[in-house]
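So the structure is just underneath, and the comments pick up after that.
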């Protein structure tokens, strides 16, 4: 414990005083845990849990004594019997089972007349629902028959459960809401504390994710342990991964001494005090520019592409996973001692990188997520995240919710249920739901069978019109949703009318969003022929055969591959150039050699002036002789 802080504690708190692993004794002793009810009103909690547990155990013992009584009477249904056989038969009835379930849930016991009336009412509602939804598929009907054959009492049990749940919703809602009193019930990621060093309308907040299941029940005890001498070497792990970027660190709970450090532009003194025992960052090219998302996600969504860029991204994804797991293996001695392991991963595949190894287990309670948003994984971002986690925050005291919201919540839900019961769905709306479901699943044979069975044509108007005003027909809906295969089948096989327009005057062709759907319309036009309809009114482009569409797609793919290859070449050249510059910078400019005279020049310099003149005359004479020989 920092004794200097304890002696200098004043009424105003500074950011540096709020580090949860280095709190002053005065501040630590002043923290008072706050508890709230369901309306976010502060409640003073009294320690009566032991008395309540003793009372509950006594009630259980009394209940057991009643059950094991030799009197021929049902203590649940409040009925007496003349013989033991009658009593045994009663225990096997649905009436007794209903009252047992209601008794366990704290509801009133029903009489025989009330039970018969409720069951009859529920049977009536069920039969009406079945009649209104009569357009049931044959497979669903067979499944329901098989279920009833397997368990003849299943339907009655479902009725009883429905009745009990309705009664619980009506009678137990307000009680459940008012009884939810806890320091965890803050409707936020924080736990709140009061302190005499704060203003009346202020509280100190700490993230719940810093606690495990045991310490969360007693946060004051956990804070005391964190600040004691028993916990001097505590560490935590921080990992972030996303977009091909990775950053990881092992952080000590003991801060560095930054007294006298200079202020940096991108890093505060508090961030400079973060003590990273180990840290590692690296990046690999795994996401396509301006597209986002990993290559594996794109493969799952649109199929596996065969371009050079996609192959490079797949390789880098695998390499990134190997690199991260290598870091985890190297840091295994640290990870085994960590109190917390915070991981930020954008998707399930990134999260599996950390758990698909022998270092970390998926069920490890130390593994947690950051309870706030983070930026690109870097060392500086890890420091910011640790500062956000490890410092108490001075926040305004939570405002209680309006009482009317809680009181009227059940009334509003009941009114909505009543409105839904009164507003019975039309047959056309039920048929529309089935058609939309088959379209989404791509079940063309079942869709054709459904239309024939219900005597519907391909131009069936989807209901309600307010919901499907922009997509009034199946063809409009398939075009807007990008269902290329279903659009082709609707035109070629079901013979939907492509000239129908929505309320904005747009045909199904006008709603398409990609080339695949456009090509499906053009293939259908080619298959149906020009005599099928007035194609000018449909706005569909020129007819194309499947071979022509395949040729267009191949050209498009070749252009994309060429662009990707050029991009990769440019990146490789840039990397080589960068590497060459780095080597040149490392080697330095070097020393230039002075001009060295030739051997002939060295020989001339060694002669005297007379010898040099004589040599020059001889050379000129030889040259003249050579010229004369060539001339004659």
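From the backbone N, Cα and C atoms, a Cβ is placed for every residue, glycine too.
What you see is a predicted model, and the numbers here were worked out from it, not measured in a lab.
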Pick from 22-46, 47-71, 72-96: which range has zinc finger per Swiss-Prot?
72-96
Along the repeat 'ANK 1' (470-500), what average pLDDT does this model show?
90
In the compositional bias 'Basic and acidic residues' (609-632), how many residues does DSSP call helix, how many strand, and how many coil?
23 helix, 0 strand, 1 coil
Grouping DSSP H, G, I as helix and E, B as strand, the residues of the repeat 'ANK 1' (470-500) number 16 helix, 0 strand, 15 coil
